[in-house]
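As given in TrEMBL:
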type	residues	note
ACT_SITE	Arg185	active site
ACT_SITE	Ser236	active site, proton donor
ACT_SITE	Glu311	active site
DOMAIN	41-206	domain 'FAD-binding PCMH-type'
REGION	330-356	region 'Disordered'
Amino acid sequence: MDQQRKPEIFDYRSVLGDLRALSPNGVFTNIDLAGLSRWRVGGRADCVVAPRSLTEIRELMGYIHRHGIPYVVLGSSSNLMFADQGLRALGVHFGAGFADMRISGSSVWSQSGVWVPEFARRLARSGLEGGEHICGIPGTLGGLIYMNGGSQRKGIGDNIVEVTTVTPTGSLRRYDRKACDFRYRRSCFQSSPEIIVEARFEFTYTGQVGAIRRSMLEILGQRRRKFPRKLPNCGSVFVSNPAMYEDYGPPGAVIEQCGLKGLRRGGAQVSSLHANFIVNTGNATASDLLYLIEKIRTTVRHRTGYDMPSEVLYVTPEGRIVQAHEQARQMFGGSPPGDEAQPHPDPVGTGMPRLV
Ligand SMILES: Cc1cc2nc3c(=O)[nH]c(=O)nc-3n(C[C@H](O)[C@H](O)[C@H](O)COP(=O)(O)OP(=O)(O)OC[C@H]3O[C@@H](n4cnc5c(N)ncnc54)[C@H](O)[C@@H]3O)c2cc1C
């Protein structure tokens, strides 16, 4: 998960002219990361490049490599928390410009900038079954593959045949499904500095467009009922720990039963709708969110003995991507739980019988 190459601070001004030549109309400076982030937190990024073609991306990667420039790949940022201090590394944004998709029988080829709900809709329109579980996930296909994201206990990796990346030297590399090493919300790309540019998939052709659509509407309905939609959030904060699930249930239920639903720190709050979500009630900072993440983990560990890893990723100012709980532990581990955060006056479901 660590994309860091060089920890020193990068001064983008020395390469701005070259970047503009490599990606005309695709270079942006002094970007407000809170405006990009789903959580609406984060400082300013010095420089973000959004290449518009495969050739541009390959040349850009070659240039970055030759000059040892630290960079971080950004999709739609729906699984990312940006630092309050902003981003000094170069952001490489990969999105809407790479949205070609072709379907032939049950085989699908797609560039990785495709918006995931649109990808799922196109599968449904073609009578292909198997993509319903991703229809409500906001993000690019590249981010989804990187995370092996999905819902209903499925992951996009289940349908992957092959993934193509651009390597740090600008060449293309192909991974068959086995090489992608998909596991629950994990893939080999999390320990690689490569950019996912396209993928091939295999779905099941049933031709039952109506039935597939009904199943998608059912999934979207469930999500609307269960998940907070009005306040900015980053989806589920913690991934399920299988052993904890077996003994106590999923993260949301355990957090709720620990009495943490509604807990606040600054402008951040454990959602009162679903406790595995943290919402920004208006003026949250990344530091507020990280405090709550550490507080939740410490409390759950104390009550159940289990550790919950975070699904959400934190982008350090130097452009390293780490799991948010690692950053939270670094910043707040060791501070006594409870004194600075205010419990919700009426926490729901505190009577979990199996918790010690
Ligand atoms: C409201 C909400 C609900 C959500 N529900 C779900 C859910 O049900 N299931 C689920 O799995 N996720 C869910 N998510 C999380 C998120 O939507 C997915 O992880 C998503 O697929 C991330 O895509 P992205 O383009 O936003 O990636 P980003 O958040 O921008 O990036 C995530 C990681 O992927 C890397 N990355 C992105 N694009 C590429 C690329 N082309 N090549 C290489 N690396 C890349 C980034 O470097 C980063 O490390 C939810 C998020 C929100 C806000």
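Using the three backbone atoms N, Cα and C, a Cβ is placed for every residue, glycine included.
The average per-residue pLDDT of the prediction over the domain 'FAD-binding PCMH-type' (41-206) is 96, rounded to a whole number. Contacts of Glu311 (active site) defined by a Cβ separation under 8 A and a same-chain sequence distance of 6+ are given as Asn79, Met147, Arg185, Gly235, Ser236, Val237, Phe238, Val239, in order along the sequence.
Secondary structure from DSSP puts Glu311 (active site) in coil.
Of all Cβ atoms in the shown protein chains, 18 besides its own fall within 10 Å of the Cβ of Arg185 (active site).
Other Cβ atoms within 10 Å of the Cβ of Ser236 (active site, proton donor), summed over all protein chains shown, number 21.
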